[in-house]
Amino acid sequence: MREPAFWHRPPSLLSRLLLPFGAVYGEVTAARMQKVGIETGVPVLCVGNYHLGGAGKTPTTLALVQLLRDLGEHPVVLSRGYGGRLRGPILVDAKRHSAADVGDEPLMMARTAPVVVARERTDGAALARSQGASVIVMDDGFQNPALVKDASLIVIDSRRGVGNGCVFPAGPLRAPLPLQVARTDVMIIVGDGQAADAVAAQIAARGGPVLRARLAPDETSLERLKGRRVLAFAGIGDPARFFATLRASGVEIAEQRAFPDHHPFTADELASLADSARRGGLTLVTTEKDLARIGPDAASLGSDLVALAVTLVVEEEARLRRFLLERINQARTKQFAR
């Protein structure tokens with residue numbers, strides 16, 4: 001879905017008219033969040049966000065996986081598999097499954113990490129354990145109470161923050177902000193904007209680490225784009241951030257097209273992109289997540305298609321590493337005491 005523009009402006013007449021619906025939605029979500037979850041037997045780290053749409057959870061999840069591997073752990077990612085038809089639990093095979101099977105984000109992550117998809121997170125956790133998981137990393141699921149979380153890491157975009165601060169449909173929030181803040185252990189702010197500073201101050205006041213991070217484009221991909229004019233397209237939570245990343249890296253965008261998050265590209269849309277690129281002498285560039293969704297149909301876009309990979313770089317990585325060690329050790333001590 002495309003996010004309404006009023007979600008990211010000061011409260012308007014429309015958002016005020018929708019506040020009663022937001023109050024009901026918020027009450028239901030808040031009651032659900034306060035249910036007691038099930039212990040999995042291994043530490044569970046959740047990467048989530050406060051609002052609907054993208055914030056950088058997937059690159060954060062992959063960065064967390066790498067940090068855990070550096071600490072000697074065997075992390076397995078657990079995802080609901082949004083956009084996929086398979087309910088799971090299933091271990092994603094990047095060579096066998098498609099985005100239509102398991103969702104675009106799990107398919108993309110499965111190229112570098114073991115990923116389990118399951119609508120029922122308890123079943124997914126059991127499969128992850130059977131795959132030798134020493135730590136489960138939940139990609140999304142902050143508002144889901146199914147599993148006991150040993151740490152919740154919230155990702156927030158520095159330019160968008162929490163929008164107008166209202167609960168869906170009056171705003172982008174999935175649940176009332178105070179409840180979500182109270183359950184946050186770490187906040188990771190992506191980018192150098194200031195829109196998230198107010199909520200970050202609340203986390204810091206509670207003693208939680210607030211870490212700055214940035215998305216670093218893959219140098220090999222950028223080298224392929226050097227000196228070229230491009231047609232950039234993306235169907236992700238925040239296409240504008242992708243376009244801004246390209247421009248900040250010195251890429252000349254001659255044309256850009258934004259699609260809704262998880263957008264299933266049609267043959268006509270792909271043909272239109274290829275035709276526009278050919279007529280303008282442009283190189284097509286998109287995200288890894290979009291490429292996972294396009295799948296074999298990418299051949300219709302030509303050999304010049306570039307999928308820009310990005311990596312999350314955390315400024316105070318040592319601080320995050322210490323936090324992870326502490327929470328993992330606490331979780332294991334708690335499990336041993338039982």
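The backbone N, Cα and C atoms fix where each Cβ goes, and this holds for glycine too.
Remember, predicted model here, so these are calculated numbers, not experimental data.
Copied over from Swiss-Prot, here are the features:
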- H51, L52, G53, G54, A55, G56, K57, T58: ATP binding site (BINDING)
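Annotated features, which come from Swiss-Prot, shown on the structure.
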{"residue": "H51", "record": "ATP binding site", "Cβ neighbours (10 Å)": "26"}
{"residue": "L52", "record": "ATP binding site", "Cβ neighbours (10 Å)": "18"}
{"residue": "G53", "record": "ATP binding site", "Cβ neighbours (10 Å)": "20"}
{"residue": "G54", "record": "ATP binding site", "Cβ neighbours (10 Å)": "23"}
{"residue": "A55", "record": "ATP binding site", "Cβ neighbours (10 Å)": "25"}
{"residue": "G56", "record": "ATP binding site", "Cβ neighbours (10 Å)": "26"}
{"residue": "K57", "record": "ATP binding site", "Cβ neighbours (10 Å)": "24"}
{"residue": "T58", "record": "ATP binding site", "Cβ neighbours (10 Å)": "27"}
List the residues in the vicinity of the ATP site, defined as same-chain residues other than H51, L52, G53, G54, A55, G56, K57, T58 with C-beta within 8 angstroms of the site's C-beta centre.
N49, V155, D157, G237, D238
What does DSSP say about H51 (ATP binding site): helix, strand or coil?
strand
